[in-house]
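As recorded in TrEMBL, the features of this protein are as follows:
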BINDING   E134, D165, Q191, E239  divalent metal cation binding site
BINDING   H439, H517, E594  Mg(2+) binding site
DOMAIN    290-409  domain 'VOC'
DOMAIN    436-585  domain 'VOC'
Amino acid sequence: MKTSIATVSISGDLREKLAAIAAAGFDGVEIFENDFLAFDGSPAEVGQMIRDHGLEITLFQPFRDFEGMPEPYRARAFDRAERKFDLMQELGTDLMLVCSNVSPHSLGGIDRLADDFRELGERAERRNLRVGYEALAWGAHINDHRDAWEVVRRADHPNIGLILDSFHTLARRIDVNSIRAIPGDRIFIVQLADAPLVDMDLLFWSRHFRNMPGEGDLPVADFMRAVAAAGYDGPLSLEIFNDQFRGGSPKSIAIDGHRSLLALMDQVRRSEPNIAIDVPPMPDRIRVEGVEFVEFAASEREAQQLTSLLKTMGFDETARHRTKDVTLHRQGAINVVVNTEKEGLAHSAYVMHGATAYAMGLRVEDAAATVERARALGAQTFEQPAGPGELVIPAIRGVGGGVIYFLDGKSDLGRVWEIEFEFSEAGTSSDAGLVSVDHVAQTMNYEEMLTWLLFYTSIFRTRKLPMVDVIDPAGLVRSQVIESDDGTLRLTLNGAENRRTLAGRFIAESFGSSVQHLAFATRDIFKTAAALKDQGSQTLAISPNYYDDLQARFGLAPDLTERLRAANILYDRDDRGEYFQLYSPNYGEGFFFEIVERRDGYKGYGAANAPFRIAAQKRMLGTPGLVA
Ligand SMILES: O=C(O)c1ccc(O)c(O)c1
Ligand SMILES: [Mg+2]
């Protein structure tokens, strides 16, 4: 598989774009003409610069408003094409993209267009160049790849072929199976882009909202299956017009792009086993069996505060690490680890962020295979020297430089607690009925959300839910759920657009993205609330107005409303069941715990309650003495 990306997809000047594209592992690059025009080097220098990066130029584009023109426009279009052919030869590329004409002067008629392309093909052939025709979704006469193919077929010239672009086909909901009948060698290049499903003008949607395959909602994998079935095996080239990417980090957007192509083709290979698809071998997406632990890095003072907060939630100190300053606090299947080591990654995470949940451990079937897939998709692996008697736990770097460890039952990894920890004799005394980690919420800048969405969904067998807007009194926070089908892994990514929201403040105060809250599941929220109260635990005080509305909205029995109000429990309901939520006060730089009960298969996350929870947390932050 040959990977390519259009320069337009990445921010920076041409030099920065190329460096990022090469570093991410692409084989080639499409030169988007404006990126070349804005650059002050000659075509030969640009071509050399690209080859010096080990890249080839897969395509020069776009050439606009060519076909179907009446005179005198027609003659001028051919003159223009000759000038661009000169440029392509100086750059060192043999393929040009002609996108379908949008000019009001253009005329339709398949044969007229085919005749123009036949003549262009003859001119290209004299110079050993090729021309591909792409149907823009908003083309004046040609806006469907099936019509573009008919023009190419009738042009009947070996130097004229078809260019497919997933966006134009999928945005118009054209049946992708129509691609299967096109001879693969007549497709000169395939451009790929995804996009979120939003109802807007096609041109505006295409120019501002495209994103990497897997980041949006279009069936790009189905499109690629059809392309593979057609026998096409040339470059797969990302062409992503995206306002956010234009201002983003060239390096991380290029890495995301490369990852998206590998993950896409891995998926296509698995669904088309009879087609030879040249993508590096890797294990299939990994099923996560559960969150085994969450680990905090803290100073001794903060560790004490955290330990007492945990105690009020029913977590005793269950065990101590045999050689390190690390304690384990267990309740049900929840393992909270508190690390106060003065060296290693936990310490650097502490120095960087303050007290922080910098690591989590996931239970998987095969930890080594998990790291293998992550590595194949360009994730950074993590290894820390193991002390005597310690296990080397396979791991990768995640959000904010944190770590994701993998534990399996295949090896000693499944016995990590017994091997590395000394359990105290005293049994747990203060159980509050918490049974498992329901979800882990990571807060990040809005611009990072697609990166981590792609990271999680490409490595793990998870899916994304539609993004929801959460209203903070100081601005919007976007919330993106990523979850496994059976709920064994549930993550919420919260993207902050400014520093005044609770999420934005957290990023600013803790110097970057990290876990902002951890939600534990209980089977009886009222029992848990009572146990917490007995332990002297505070809960987040919710506005009484909220409960009046709740009763009206859901028609709740007055005594249930009263019980919810008395315990500061938030409530939600979907078509299956009910959801109850309870929050701890803030800890450290704005971290908090949540306790939830899902009844009868409730699937959501209580998004409707988020504004009221946030307002309450902001009130609490504004009250000196109440912030832990
Ligand atoms: O938006 C455009 O004009 C445009 C140009 C060239 C392409 O390949 C494309 O997909 C869109
Ligand atoms: Mg295109």
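Every residue gets a Cβ built from N, Cα and C, even glycine.
Unlike curated records, TrEMBL annotations are generated automatically.
Shown on the structure are the features that TrEMBL records.
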| residue | record | contacts (Cβ under 8 Å, 6+ apart) |
| --- | --- | --- |
| E134 | divalent metal cation binding site | P62, L97, V98, C99, S100, A148, L162, I163, L164, D165, H168, Q191 |
| E239 | divalent metal cation binding site | I5, A6, V8, S9, E30, D165, F167, Q191, L192, A193, R210 |
| H439 | Mg(2+) binding site | E483, R490, L491, T492, L518, A519, Y605 |
| H517 | Mg(2+) binding site | A441, F591, F592, F593, E594 |
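Checking the binding-site residues D165, Q191, E239, H517, E594 for a CB within less than 6 Å of any atom of ligand 2 leaves D165, Q191, E239, listed in sequence order.
DSSP assigns Q191 (divalent metal cation binding site) to a strand.
Proximity of the binding-site residues (D165, H439, H517, E594) to ligand 1: a Cβ under 6 Å from the molecule is found for D165. Sparsest Cβ environment among the binding-site residues D165, E594 (other Cβ atoms counted within 10 Å): E594. Summarised by DSSP class, the composition of the domain 'VOC' (290-409) is 36 helix, 45 strand, 39 coil. Taken through DSSP, the domain 'VOC' (436-585) splits into 53 helix, 53 strand, 44 coil.
Looking only at the domain 'VOC' (290-409), the predicted model's pLDDT averages out at 95. In sequence order, L97, I163, L164, S166, F167, H168, I189, V190, L192, A193, S237 are the residues of the same chain, not among E134, D165, Q191, E239, whose CB sits within 8 A of the CB centroid for the divalent metal cation site. Excluding H439, H517, E594 themselves, the residues of that chain whose CB lies within 8 A of the CB mean position for the Mg(2+) site are, in sequence, D438, V440, A441, T492, L518, A519, F520, F592, F593, V596. For Q191 (divalent metal cation binding site), the number of other Cβ atoms no farther than 10 Å from its own Cβ, over all displayed protein chains, is 26.
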